[in-house]
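Some features that TrEMBL has for this protein:
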| type | residues | note |
| --- | --- | --- |
| COMPBIAS | B:96-110 | compositional bias 'Gly residues' |
| COMPBIAS | B:342-353 | compositional bias 'Acidic residues' |
| COMPBIAS | B:365-376 | compositional bias 'Basic and acidic residues' |
| REPEAT | B:424-457 | repeat 'WD' |
| REPEAT | B:497-532 | repeat 'WD' |
| REPEAT | B:539-570 | repeat 'WD' |
| REPEAT | B:581-622 | repeat 'WD' |
| REPEAT | B:623-656 | repeat 'WD' |
| REPEAT | B:665-697 | repeat 'WD' |
Amino acid sequence: MAEERRSKLSNTLLPTESMKGIAESIGVSQMQEETCQVLSEEVSYRIKEIAQPLYGFHAQDFIPFRFASGGGRELYFYEEKEVDLSDIINTPLPRVPLDVSMKAHWLSIEGVQPAIPENPPPAPKEQQKAESTEPLKAVKPGQEEEGQLQGKDKKKLLEGSAMKLKPRSTHELSVEQQLYYKEITEACVGSCEAKRAEALQSIATDPGLYQMLPRFSTFISEGVRVNVVQNNLALLIYLMRMVKALMDNPTLYLEKYLHELIPAVVTCIVSRQLCLRPDVDNHWALRDFAARLMAQSCKTFSTTTNNIQSRITKTFTKSWLDEKTQWTTRYGCIAGLAELGHDVIKTLIIPRLQVEGSRVKAVNEGPIVGNIDKIGADHVQSLLLKHCAPVLAKMRSPPDNQEQYRVEYGYLGPMLCTHVVKARAQAAMQAQQVNRTTLTITQPRPTLTLSQGAQSSRTPSIIKVPSSITLPMQTLVSARPSTPTQPSPPPTKFIVMSSSTGSTTTQQVITLSSAQSSVTSTSPVTSTVPSLQPLVKLEGGHTQGAGPLSGGGGASRTMQKYIVVSLPPAGDSKTLTPSPALESNSATSVKLERADSPATGNQSPQPSH
Amino acid sequence: MAAVQDGPIELEPENEIKTETSNEVLGNPGDASGGVPPTAPVAAVATEKPAAAAADSTERQTLLAVLQFLKKSKLFESEEILRREAGLLNEIGDSQGSGAGGAGLGGGGDAEPESGDASSLLSRVAGAAATASANATPAPAKVTPVVTGGEDQPDVNVVLAAYSQQGDPVLYPVYYSGLKRFIDSVLDCHRAELSQVFYPLFVHMYLELVYNQYEKEAKAFFEKFHGDQECYYKDDLRILSGLTKKEHMKGNETLLDFRTSKFVLRISRDSYQLLKRHLQERQNNQIWNIIQEHLYIDIFDGMPRSKGQIDSMSGSLAGEAKREANKAKVFYGLLKEPEIEVPLDDEDEEAENEEGKPKKKKPKKDSTGSKSKKQDPNAPQQSRIPLPELKDSDKLDKIMNMKEATKRVRLGPESLPSICFYTFLNAYQGLTAVDFTDDSSLVAGGFADSTVRVWSVTPKKLRGVKTAGDLSLIDKDSDDVLERIMDEKTASESKNLYGHSGPVYGISFSPDRNYLLSCSEDATVRLWSLQTFTCLVGYKGHNYPVWDTQFSPYGYYFISGGHDRVARLWATDHYQPLRIFSGHLADITCTRFHPNSNYVATGSADRTIRLWDILTGNCVRIFTGHKGPIHSLAFSPNGKFLASGATDGRVLLWDIGHGLMIGELKGHTDTVYALKFSRDGEILASGSMDNTVRLWDALKAFDDIETDDFTAATGHITLPENSQELLLGSYMTKSTPVIHLHFTRRNLLLGAGAYNP
């Protein structure tokens, strides 16, 4: 430390050359070295004396001197450009800078900082992280110090008694937040694309979402579950876009909710069926998009303790290696792996090119199979070509021989060869562009838009959050009789999502009274289990692992489902699989399904987490 | 010479100037003009009366020795001048202490023709140096016996010793590290106290080396030991490191401070004896001389202080405050509120009742009753400082204030104030100062582009008065004449005030909202009319940038302080200052009036806070303990306490009556620019460069402290480590440094700052 200070106080002097230069500039030539030395010391001191205390030392982002050397001389000079006056006159005047203005906002209301855009995010990321890793130090937004103090006190308490206290974090939403949540979720899954864009923008930028994060997370994960079963591609895409928006928000610390988000994302990558008409609908784009999301979360959240990347890689690899895996899932697995980066492609995908090639060949050249398989194989092939070519271009040295590729990579070899050649050409092009000093990098942002033309009969707005039910949450909670002797469980909130497919059915809204009764009926059970699992009951659609849905049948069928989702208090649900007891319990609470459910309800493959 | 010295500041022959300057090498200008015998600072080193007497006699001896020496050296002219000079001084009286000796020797130096400039003490010293070194090389041999003869050398030896060959430059590091070893080896209880010696010693040894032109040795000495110094001296050390030549010492202000003001240390008697014995045993005259000459050691009886106690008080440019500096009585109580006619009040209340407000006659009476209760025993006399008469409009305002006060929110740890933050957007030119009016209706901002801007934050727009021609047409007897004189055409939400030619650093509204003060880098303070939105007066007096200004809570007077290290008290109708408060060793960065308008507090870049008595011009309190320049000050509404914030991010609380530090609020990570107590003093709000507003439990901070007689007498206070308990809330802004805070009359907290993207 002393060393550090010492270096700071080092006594720097102006070079004697500067003195010479300055002297020459005012017409004094032939300065003696000694004179220069003395002058330099004096000038250095004076400059420090005058300039240092007033202005300190700042890194000047612009130093107006240019350097030139030649003939043994070094020169610093002002660069004076010749300016064409007509140019200046003809250029339009720059905009007048905005005038100073004053804006008032509430920094704090009776000690609590409101979460408004004028204020910084209530819980900085570090604090959210600390909260999830060290819940004892959990603090209220805006009162860090005090919170820390409370934490300290609690620690003291812990030292004193053997009892372990887990501080209950409160996740009550204000009325405004409830309204916001409702608006946002409705817009995100609604039919108006403009509204959706706005909502997603809000999710991606708003600093005050931290407290709503558990709700969003559950909304997405439950939404994916339901809509995978229903093969509602549009909804799945919207939900993935929500995930993307959440991940884009710099003020949110998502790690606590990965257990809900990752399965949802993975489902969208590898599910056997994501849409009603796999031959027409572009579910491949969703898989690509979700794969990119997955890769992004791997990059952001993978640590040595949670090992997300390796676990995800394993999951993908395992189902890819399985002979029986469908083309759709196969595509998802490859996409998921490929997005993880060149290394993964190199080690996991390229060695399997030959096997995969022969599989594609079997479909393309073998006996006529279903159209679905043909499309799937085509997509897998182009996916492999797309991802492997750039890697191969880097791995292999230039002479690209078709035959050699065939030998090494089998059926896909020749096609790979042409792709690699193209990739090389492109790389060379880019390199050239770099040399030409102007470098434009056009990186297509992973955006996903849905073409709704094909789906004429279906309305994409499926998940409805009826306001009459979401808003009086507090009534629901307060309606429950709570005995003072028994600690009341964290408030459970119910959102009733009614989903409908088919053109003819109408939305059904569960009346408040029925929901309330369901609450009261379940409350004795929930009170015994302090940490509620996310409950979902898919009525009728529960025939697990029934044969693959073929031919996109069932598009004409109508079905109507009611799913009761109980939102657990955030952070409490750590496991993914819903506990059977509760599931059945909720099953008893909802006996509202009306229409027949399709016999081929499809449960999405959920990777074990 | 003395007269010249007194020249620029002779408006008020205050004692303060005397006590300050009496420490200077060249002695006491106050002697000639003042007539009050100065307390001899050197005598105080020993704190014993007999010693002082002894000093007096050695004083004469020294003088005689010098005279003899001059005679021998055939410097008759110098001798005669010195004799005359000494004779003149002797006329004043034999009782005076070493100050006279100092002046005498200074006179010797004055024989040089170039010494007319009174402002540059050092140049004269240097002049004297030149004479002595040129003509009197054997001088040290002559003088040293005198030096060793008495412990308390007069300042004459400072000058001689500075260029005598007394110390071998090579030995300086040896001396220093020897002392370091010794202090490291003493008992723990003494070590902390004795370690205080290191920094002043280091600086003076370095300066001696530089002065004697041992450039290389000085550099080596600096390199070797500067890392040992406390980190809060970093800024001073940086200046010091740049100074490597004798010529540099001329006119270097920091240096001048160091040489003219003694570094004050408080050391217990035991520790002091220990040090003294060690130095005398080792015959370490070099260090001993420095301690004698440049250090003021305030010896106290009793337990040595702990490291924590010392650390909390140290950090200022010139050491701690002397104990007697904080002994003067301060009337910190509030002035009696003027009685406001009850009928007016009743009338208003009735009007309010008509509007359907619930009747609250009883508590109202109580509140007015408590206001007019007996005079506070700690309050100054009502007429101690003549205050302006209350105008009718002031009375109305007072009534408004009282009415609002009844609606005031009672604050406390359980009921925190709401904070409304005014963010200045697009202030690319740099917002440098903000002020709110007391009734929170106007906001003024000072900018680095020399403009001042006033906003109305109420729907009522700002209007100027009509032109003279239009005014003459107005019926002056009409009831709404005040309304009629306003020019509707000029109504706007904000008004620009142009006039300064440099960044505006301080801004202050007059209590009656008719005037606005602004001070600027252009060395002026300007008074603006908020009726016409024009500049009325430019007060010129400061020679350098003026960093802060503030109106008295009763109007009329205002205070300003700046780079020239003096604070000036002005009255709006005088173009020259009424008082000049000098004593700070570096820029005065902030100035605040005491609520009773009898005192002003100034915070400085020398890391001290001083409280000045407006009546006498004396410095009545010096508070040390900050480790960086002070940037904000706030008096508690009851006038008893002072809060200060500095670049070190700490807020310190002071008891004015006892002259004690009573609290330290840690939490901010950057300069504290704004401090304000709530209207009833329960909450202290602080705003900082770190983009936070923090709220502190002021009541608890003041209650927790026990000020028994002992701590009050010694000033050795152990601060409770309770900042975290006192912090009630911390509110982050969005990259907006907080530069001003204000509590409305109903205790809503207003903050202001410029968004800094």
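Yeah, the Cβs are placed from backbone N, Cα and C, and that goes for glycine too.
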Field: Top partner of the repeat 'WD' (B:623-656) among B:424-457, B:497-532, B:539-570, B:665-697 - counted as Cβ pairs under 8 Å
entry: B:665-697
Query: Can you tell me how the residues of the repeat 'WD' (B:623-656) break down into helix, strand and coil by DSSP?
result: 0 helix, 19 strand, 15 coil
Task: Tally the residues of the repeat 'WD' (B:581-622) by DSSP class, grouping H, G and I as helix, E and B as strand, and everything else as coil.
output: 0 helix, 24 strand, 18 coil
- prompt: Over the repeat 'WD' (B:623-656), what does the predicted model average in pLDDT?
  reply: 92
The repeat 'WD' (B:665-697) - residue tally per DSSP class, helix then strand then coil: 0 helix, 19 strand, 14 coil
